[in-house]
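Lifted from Swiss-Prot, the feature list:
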BINDING   SER17, SER18, SER19  FMN binding site
Amino acid sequence: MKKLLYISVNTKPEEMSSSKTVARKLINSILEKHPSMALEEVDLYREHIPQLKYSYFESRSAIVNSEALAKLPQDEQNEVTQIIKLCDQFRAADIYIIASPMWSLSFPAPLKEYIDCVVQSGKTIAFDENKPYGLLNDKERTFIYVQSSGANIPWIIRPALNKGLNYVHDIIRFLGISKFEELLVDGTGTTELERQEAIEKAASRIETLVDQI
């Protein structure tokens, strides 16, 4: 059974969040076309996302083994167990959807902390002559980044301003996922009318994206 992993990073209720509203429309369309697909959801403001410590690792990006884990204090054992859980869940997915607002030219901090948890040696990356490479090219995977922003960002300056999108694209491609799509909810503005127009414009691309899955 294929798995769809939905990761949201916004404290707003779904009906108030433009990125989460569009992401839900996308998810519903995917599940309508693929009813047997399993959906898992991670809200990065509700799920505990550990901050990494040196004591959690035995080597570069490699989580401690079970013997070393047992020697850690119980609270640190719990943190390592959560990191492993998040990484294993990420690695098992076939389709990924992230819903995030654009904050300060990037994204909210919990998303970076989450990415740090799922980049693990032997699971999502490996090293060859001290050079890292991704392991998630082992099967067909699709990644869709849904991002909302208050302004309409001209495409010609988007690479310079949209640093969050650039980073997510680069790290996902580095992990080995070659199929990366963006679904931008630009121009949510300052009024509800502007927000709804931006949502409708972004949602008009959903059918095309779903057909590519």
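Glycine is treated like the rest: Cβ placed from N, Cα and C.
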(request) Going by DSSP, give the three-state secondary structure for SER17 (FMN binding site). (result) coil
(message) Taking 8 Å from the centroid of the Cβ atoms of SER17, SER18, SER19 as the cut-off, which other residues in that chain fall inside it around the FMN site?
(response) ASN10, LYS12, MET16, LYS20, THR21, VAL22, ALA23, ALA99, PRO101, VAL146, SER148, VAL185, THR188, ILE199
(request) Identify, among the binding-site residues SER17, SER19, the residue whose Cβ has the fewest other Cβ atoms within 10 Å in this structure. (result) SER17
(request) Please report the number of other Cβ atoms within 10 Å of the Cβ of SER18 (FMN binding site). (result) 25
